[in-house]
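> Not my notes, these are from TrEMBL:
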- 82-240: domain 'Glycosyltransferase RgtA/B/C/D-like' (DOMAIN)
- 14-30: transmembrane segment (TRANSMEM)
- 103-122: transmembrane segment (TRANSMEM)
- 129-147: transmembrane segment (TRANSMEM)
- 183-213: transmembrane segment (TRANSMEM)
- 225-241: transmembrane segment (TRANSMEM)
- 285-305: transmembrane segment (TRANSMEM)
- 326-346: transmembrane segment (TRANSMEM)
- 352-371: transmembrane segment (TRANSMEM)
- 383-402: transmembrane segment (TRANSMEM)
Amino acid sequence: MELFRPLYRINKKLLFWGLIAIIWIISTYYDRTWWNNSNLVPAWDQADYLNSALSHGRALGVLQGGAWEGFRGLISHSPKIPPLASFVNGTIIAFSGDAPKDAAWSLSIWHGLLLFSVAGIGAKLNGRFFSCISVIFVSIAPALVALRLNYVLEMPLCAATTLAIWQLGSWVKPDSDNNKNRVYIAAACCSIALLIKQSSLLILFPSVIWAIIKVVNTKEINNRQIFYFLFITFSSILPWFKHNWITVISGTNRAVISSAINEGDPSIFNLDGWTYYFSIIPKQIGIFFFIIGLSGLIFHFIKRIKELKIYNSNEQLGKVFTADSFFFKWLVFNSIFCWFLTTIVPNKDPRYITPILPLLIIILSFGWYEFGKFLFKKLSKITYFVTLIVIPSIIISSLPLMRKISLSSTNRHKDWQIENIINEVRLMSEDNESLTVIVVPSFAELNQHNISYYGRRNGTNIIARQLGKHSSDIEPCLKQCEWILLAEGDISTGNSVRPSAYALDHAVRSSNYFYKIKEFNRVKGGQYSLWKRKPQFVNYTNFADSFQVLAKGLEEGPIGVKRVFDIIAVQHMIDGHKKYQAIVRELSLKKLGENPEDTNAHWSLGLLAILENRPREADFHFSKLESLLQSNPWPSAYRSIVNLANWNPWQAYSISSNSLRAHDDPVLKAINDISYIFSGGLWRITSTYNSLKEAITQIDSSTS
C-alpha cells in the first residue's frame, strides 16, 4: 500500500485540476453559445482593442497582410497601452479567425488563466474543496461573465493580476518552499500584469510594497531576492515604456483626468466618490452570493471569537477564518488597498474595480464554505444531503438568468450595415488598396474604430477616421477626402454630436465634389450614406510637397511648431495610412544624396523622425541643422527636447548650454533648466520654475 500512496496523491491532484478544467469547459460552452448567437458589433473601446490585436498580429507576422517588423516596430503599435494582451490576442486570432466571435476565443483563454489562479489561491488558503467552491463562484459572477462577453482588457487584467497576487503571496509566505525559484515566478507574473494595462499598478503596488517589507523582515528569504524581483520586473516593462512614455503619460492624463471631468464622475471630495464602488460591487458579484457570503463570514467570526476567547491578538484573529492566516490577511489587505487606490482615481467606471472581484469572491466563498460545515454538523445526514443539492441548484439556476441578461442585449437578426458598407467600398476600389473612409459623426454602432476593424479583416487595408470635431476640418476634408460616410435621420439622439460635425455634414452634401453611392438603413432609424469624390474633382493635393514646406516652418520656433502639428493632425485623419511619409523620406534622402547640406531635407527628415518616435534619428538631423543654421536657436532646442524624450538629459543639458552662449532665449533657458534637474541637479528647481513661466509666456504670446 505504501507504494501506491504517491500515486493516490497524484490522482487527487489530477482530479482537482480536472474539476477546474470542467468548470472552465462549461463556462466556455455558455460563452461560445452567446458569441455564436450574438450579432452585436464592437463599439468604440471593443473595436479599438480588436484593431490593436490585428496590428500586433500583423507586426508579429502571424496574420495575413503583415510581416515581422522588428522589436521597435512591435512596441510602436502600443503608444498608450502595454502590448502583451494584444500580442496574445493577435496570435489567437491567427488560429481562431478574425471575426469578433472568433477573436473572442482569447477571452476564454484569459478566463482559463483566471480560474487557474483562483484555484491556486483557494488551495493555498483552505484546501482543494474550498478552492473548487471559489472557482465556481468566480465563473458565474455577473460582472466577470460580462467581461467574457465584452472584448475589453479587463478580463486579461483580472487574470494576470490574480495570478500575480497568488505568486507574490507564495513567494513571501513565511513557510513557503523553494523561495529562490518563487521570486522569479512572482516577478514574471507581475511583469505580465504590468504589460497588459497600466491600471494593474492599482492592485500590484500595495502588494509589492508589502512583499518587500515581508522579505526584509523574514530571515528565511535572502534580501537579494528583492533586487532580483525589481530587476526582472523593471527590465520587462522598460523597453516599451521608454519608447512610448510621452504618449503613455498624455494618454493616461486624458483617460483619467479629462474623461472624469467630461463625464461628470463623482469626486473624492464628496461622499458619492467614496461610495461609488461600494454600491456596485454586490451587484457585480451577485447580491445573493454577497449576502450569504458576508453573513457566513460574520457568523463564523462571532462563533470562533467565542470559542477561542480572543479579542485583540492579530495573529490569532487571522486564524479565526482559516488555517492559513497569512493568505487570508494577504487577500483582505490587497482588496482594501486596491479599492482605495481605484477610488481616488478621478475617472470611475464599473469595469475599473473588476480586478479585485476574484479576491473578494474568494473571501466571501469562505462564508459559504463555513455555512456548509455548520449545516453538516447541526443537521441530519438527509437534510445535509438535500442542502448539498439545494446550494448547487441555486448556483446552477443563476446561469440561465445570467444568460438571459446577456442575451437580452443581443440583436441577432438586426443588420448593423458595417460589412455591407465595407463591401461597397471594396467593390469600387482596386484589390487590397489602402483606403481611408471619413466618418461623420461617430456612434457606438458605427464608428471609426469598428469600420477600421472590419475593413482590415482578412488582410485588407480599409481604415476609418473621424473628422468634424472642429470647423477647421471642413476645408481640408472637401479638398482631399476620397470616401465619406454620413448619417441621416435623427443623429443626435443619445449621442453628443458637435455643431462642427453638422457643419461638415452639410458642407459635404451641398458641395459639388462628392456624389452619393448608396444608402444603408440604420438599425435605430434613418440611414447611412456613402459618398465618393467625383472623378472630375480628383484630389491633386500633394501633401508630401506641403510637408517639406511645413517642416521648414519649424525654424520659426513655437509658432511654426503649432502650425505644423495643427495641419498634420488633420492630415493623419484624411490619410490614415500616412502614405506621404514614404514619399517624403525618399525625396529628402535623394536631396541629401545630391547635397548633404540641404536644410529643407534635414528639416523634413527631422520632423518625420519625431512623428515616427525615432529620437536618435531626429537628433542626427537637428545636429546637422545646428551647424548649418548657427544663427537659429531652434535646432538646438529641438535637439535638446528629443534627447530628453530619449532619456538622455545629460546630452540635452550639454546641447542647450552650448546654445545659450550664443542665444539668450527663454524657451532654451527653460529646456536647459529642465535638463539639469533630470540630470540630478534638483537644487535648480526655483530657477526652473521661473524660467518655465517665462518660456510659457513667450510661447503663448507667439502662438496667440
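Quick reminder: no glycine exception, Cβ is built from N, Cα and C everywhere.
TrEMBL: automatically predicted annotations, no manual curation.
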> Are there residues at least 6 beyond the ends of the transmembrane segment (14-30) whose Cβ is under 8 Å from a Cβ of it, and what are they?
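The answer is 108, 111-112, 115-116, 119, 123, 128, 131-132, 135-136, 139, 148, 399, 403.
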> Would the transmembrane segment (352-371) count as touching the transmembrane segment (225-241), if touching means at least three Cβ pairs under 8 Å and pairs must be 6 or more apart in sequence?
no
> Six or more residues beyond either end and a Cβ under 8 Å away: which residues meet both conditions relative to the transmembrane segment (326-346)?
121, 124-125, 165, 169, 173-174, 202-203, 205-207, 210, 256-257, 260-261, 265, 267-268, 273-274, 276-277, 318, 352-353, 355-356, 359-360, 362-363, 366
> What is the average pLDDT across the domain 'Glycosyltransferase RgtA/B/C/D-like' (82-240)?
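Across the domain 'Glycosyltransferase RgtA/B/C/D-like' (82-240), the average pLDDT comes out at 92.
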